[in-house]
Amino acid sequence: MNQLNKGDLFERAKKVKCLISDIDGVMTDGKVYIGSSGEDTRAFNAHDGIGMQMLIAAGIHLAVITTSNSNVIYERMQKVGILCFCGQIDKRKAYTQLKEELQLHDADFAYIGDDLSDLMIMKQVGLGVTVPNAVQQVKEWSHWITERSGGEGAVREICEIILMSQDKFEMALEGYLAGTACL
């Protein structure tokens, strides 16, 4: 699939009511650090967090679907009000559940992922996004490749595109600054 031009990207982003993100390689750089007790650790980008807070302030749903079964991820996402589906090798089941729960259609979703487990959902949603560090097959099927890599603000980039396309950026910024959304 060829990359969308900016106009087509914004047309698809205008329809987004929920952004779904993978974790490893998208919200993080893909590295998983294992401590001496066997607990895994990841580093998240603060810029992504602000972008997600702004989406929440604008009334746009957020969800995470990840193959990782990390309690740290699940607890963090639950704490900040992001729907989280962990341990999902076949992510389509979680996506179907999310669509039913939110009563939305494929065109209402944007999905950002970087690996083969993300591909089937990316083919279904209205806006499929990936990062420069994604595997080639995902790059070929995505509507858009962010300029920033996973773990370096890629999620923030797509959050801003969604907000700007819907003319909600200023309102979302005001909501963020007022503290109406908190990650």
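Glycine is no exception: its Cβ is also placed from the backbone N, Cα and C atoms.
TrEMBL annotations:
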BINDING   ASP22, ASP114  Mg(2+) binding site
BINDING   ASP24  substrate binding site
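Calculated from their C-alpha atoms, the gap between ASP24 (substrate binding site) and ASP114 (Mg(2+) binding site) amounts to 8 Å.
There are 22 other CB atoms within 10 A of the CB of ASP24 (substrate binding site), with all protein chains counted. Of all Cβ atoms in the protein chains displayed, 26 besides its own lie within 10 Å of the Cβ of ASP114 (Mg(2+) binding site).
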